[in-house]
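Worksheet for the structure shown next.
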Amino acid sequence: MSDFNAEEVLTFAINIAKQAGTIIREGSAKRIDDQNQGKVDVEELIKKNTADLVTETDQKTEKFIKDAISKQFPSHKFIGEESWAAGQQATLTDEPHWIVDPIDGTNGFVHNFVMCCVSIGVTFQSRPTVGVVYAPFLDTLYYARTGAGAFIESPAYGERQLPLAKPMPLPSLKQALLAVEYGSDRGPGVLDKKMESFKRLIGDEDAGIKGGRMVQGVRSIGSAALSCCYVAQGTFDLWHEVGCWAWDVCAGAVIIQEAGGVVVGAKEPTLKSISTESFGDITPEVLQGRKYLVIRGVGDSKSEKGADAQKRIIKTFYETIDEWDAK
């Protein structure tokens, strides 16, 4: 499709993301008001799971976004979290695909935690090309398109290009602020691998933790899209998760790349490609592989180029953890 205009698509995506944010804020306010006014069966509410609690706002938000896209770009394809849950196929082709999570960070939404957002990514020729993430309770917007840089608009930082500051070198994981998630799969086999991996990442080898990297800090904010944006702006050094989906990371992947970061997939193929020209290419296999590791832009040091440091840190990270399967 030769008439794909990434700038036009980005402008439109920003517009509908902000409108979707209004729907999310209104949905949250209504749920709080209904609970305060006794319109909610508390016992029934306690029995429901997170997916049940957010279905109404999720579906309303996704319907608004999907309808707006269909009207503006009728030939474009759409992949959304709610649509996929209803059985829609999610195969990427070279045509433009809008990959949308109407509310990324559903647990945050349910608990009135501000770390949730609408995530709108667009692929073209099967690669992430446009990314927009809007956090409505923070009134913070992140956006990017391939080849044009990544940007933030927020009350805290105003409007500026990402990363927020010139990237610093990253000597080792010991200087890294790492973002991870526990995920919903907490059975004994998977949880054992997660906890052993976390133990090595945070542990002090000098104090007896074999293979301990003693990362500087660990954060878990419950939103893949916002975690990606925090890597892009240079707040987090790395983010790793197994089990999330393409709609959680598509938008953030564009933002990270345009801010100088790198996005890779599963452990084994990443380690095999680390010395090849294909390293860091977000193929459909990476985007839909449900295993993600991202690293911020890294500045050059006196002894090492930033790009080489990114590869070294990624290699060290993957040699430290036990990878588990996504369910």
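Any Cβ shown, glycine's included, is placed from N, Cα and C.
Straight from TrEMBL, the features:
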type    : residues                              : note
BINDING : GLU81, ASP101, ILE103, ASP104, ASP248 : Mg(2+) binding site
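Of the binding-site residues GLU81, ASP248, ASP248 has the largest number of other Cβ atoms within 10 Å of its own Cβ. Cβ atoms within 8 Å of the centroid of the Cβ atoms of GLU81, ASP101, ILE103, ASP104, ASP248 (the Mg(2+) site) belong to the same-chain residues VAL100, PRO102, GLY105, THR106, VAL118, SER119, ALA224, ALA225, TRP245, TRP247, site residues excluded. Cβ-based neighbour count (10 Å, all protein chains) for ASP104 (Mg(2+) binding site) stands at 30. Long-range Cβ neighbours of ASP101 (Mg(2+) binding site) (same chain, at least 6 residues apart, Cβ-Cβ under 8 Å): GLY80, GLU81, VAL118, SER119, ALA225, TRP245, TRP247, ASP248.
Cβ-based neighbour count (10 Å, all protein chains) for ILE103 (Mg(2+) binding site) stands at 26.
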